[in-house]
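Remarks on the structure that follows.
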Amino acid sequence: MAAAAAAGAGPEMVRGQVFDVGPRYTNLSYIGEGAYGMVCSAYDNVNKVRVAIKKISPFEHQTYCQRTLREIKILLRFRHENIIGINDIIRAPTIEQMKDVYIVQDLMETDLYKLLKTQHLSNDHICYFLYQILRGLKYIHSANVLHRDLKPSNLLLNTTCDLKICDFGLARVADPDHDHTGFLTEYVATRWYRAPEIMLNSKGYTKSIDIWSVGCILAEMLSNRPIFPGKHYLDQLNHILGILGSPSQEDLNCIINLKARNYLLSLPHKNKVPWNRLFPNADSKALDLLDKMLTFNPHKRIEVEQALAHPYLEQYYDPSDEPVAEAPFKFDMELDDLPKEKLKELIFEETARFQPGYRS
């Protein structure tokens, strides 16, 4: 048995990094590098399939601990075909020895970012990918969670065109009552997929910010290039207004922050660019849905259930096969304020269920 043979050999090395995942996981192969760890594929000697293993070493930084804990907490509670799951977590048996955490997930061949660099998508593919994104997002939003970092590289794909949403490190519980903030506070998610209200007066605590990101992703699938590639966040806003045109008086009224509102009023008037001029070969129904997702005013932006029911997705739409979460998700405490030592304890507890001999 390969596992037994490998057991005595000590941990495997990948590109100078220790990958201590034996004896169950062997035959490691490098896939890529994330912000705080390496991803490899490996052979799972129990289930007899290849899997992806992400090595995370977050414990030096409060922010990395926070993101790791958020991702683990959410993914262990979510169960959905269009959301990546966690199959196993490997870590040291004691908190003192725990320097790294290895997260085992289904192996997906590629992601939408890589695919769009090399392939022009047919309308059928665009429609099917968009449907799966929204089907996953319906479940996420039904749990009262916001992803807050939807972008092509966070959409995993395999050769049969199954799509899974990944990377919940920036996710939050929706909190519309605490959404208001000052003008242009730095926000962590990738700028190009950021809703305009985040640059203006919102913390991004409402579900509509994810819908905006999905609109940006749809536009990118239609043209193989990002629709709003801003260089900094004022530039980002200018890109958006350059296509959507100047906001109406009604849309300006929903911007509570006066500094932000006055900034918009100071800009020269811009007309909306028709979608069919930007995407002359696109399906007209796709452009109608795009228009409803890329709406400046978050209160008028389409919601995920309405988007699924849009005529563009008619061939796939089936509310009885678009499951929702059993209960809304709750973080027992706000993680932002906890020191990294406390976060490490919480990660240790959260991963205990995968330890040999675990009793809950």
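Yeah, the Cβs are placed from backbone N, Cα and C, and that goes for glycine too.
What Swiss-Prot records for ALA2 is N-acetylalanine. Residues or ranges marked as domain 'Protein kinase' by Swiss-Prot on the basis of sequence analysis: 25-313. Taken from Swiss-Prot, the feature phosphoserine applies to SER29, SER246, SER248, SER284. Among the features that Swiss-Prot reports, ATP binding site is placed at ILE31, GLY32, GLU33, GLY34, ALA35, TYR36, GLY37, MET38, VAL39, LYS54, with the record citing sequence analysis. Residues annotated as active site, proton acceptor in Swiss-Prot: ASP149. The phosphothreonine annotation in Swiss-Prot covers THR185, THR190. Look at Swiss-Prot and you will find TYR187 tagged as phosphotyrosine, backed by similarity to another entry.
Feature map: annotations from Swiss-Prot on the structure.
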residue : record           : contacts (Cβ under 8 Å, 6+ apart)
SER29   : phosphoserine    : VAL14, CYS40, SER41, ALA42
ILE31   : ATP binding site : VAL39, CYS40, SER41, ALA52
GLU33   : ATP binding site : VAL39
GLY37   : ATP binding site : LYS54, LYS55, ILE56, SER57, PRO58, ASP100
THR190  : phosphothreonine : ASP149, LYS151
SER246  : phosphoserine    : LEU264, LEU267, HIS269, LYS270, ASN271
SER248  : phosphoserine    : none
SER284  : phosphoserine    : ASN276
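In the predicted model, residues of the domain 'Protein kinase' (25-313) average a pLDDT of 92. SER284 (phosphoserine) falls within a helix when secondary structure is assigned with DSSP. For ASP149 (active site, proton acceptor), other Cβ atoms within 10 Å of its Cβ number 22. ASP149 (active site, proton acceptor) carries neither a helix nor a strand DSSP state and counts as coil.
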